[in-house]
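> Dropping the structure in here first, questions after.
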């Protein structure tokens, strides 16, 4: 399955919007910088029709070293989660091609 990169997003802006390549790259970088800065400040980011980036605090918990079996603490941390909007989920579900039946 192919992956869309920031460079490819900039190229698409160049082709579809008519910005020059430098402006396209700068716009993509600025977009992600704004999202990154909002999350760093503890804000959620809601993109209508796309989804929400939210912060979630995970408490400290016990973990286990798989080699020694020793119990070690996993420190508390903050993680970023993404929840796709219903609209995005519906669009993705529409495009799913059924798996071919196995020849058994």
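Including glycine, each Cβ sits where the backbone N, Cα and C put it.
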> With the ranges 31-50, 51-70 to choose from, which does Swiss-Prot describe as region 'Disordered'?
51-70
> Could you count the residues of the region 'Disordered' (51-70) that DSSP puts in helix, in strand and in coil?
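DSSP classes over the region 'Disordered' (51-70) add up to 0 helix, 12 strand, 8 coil.
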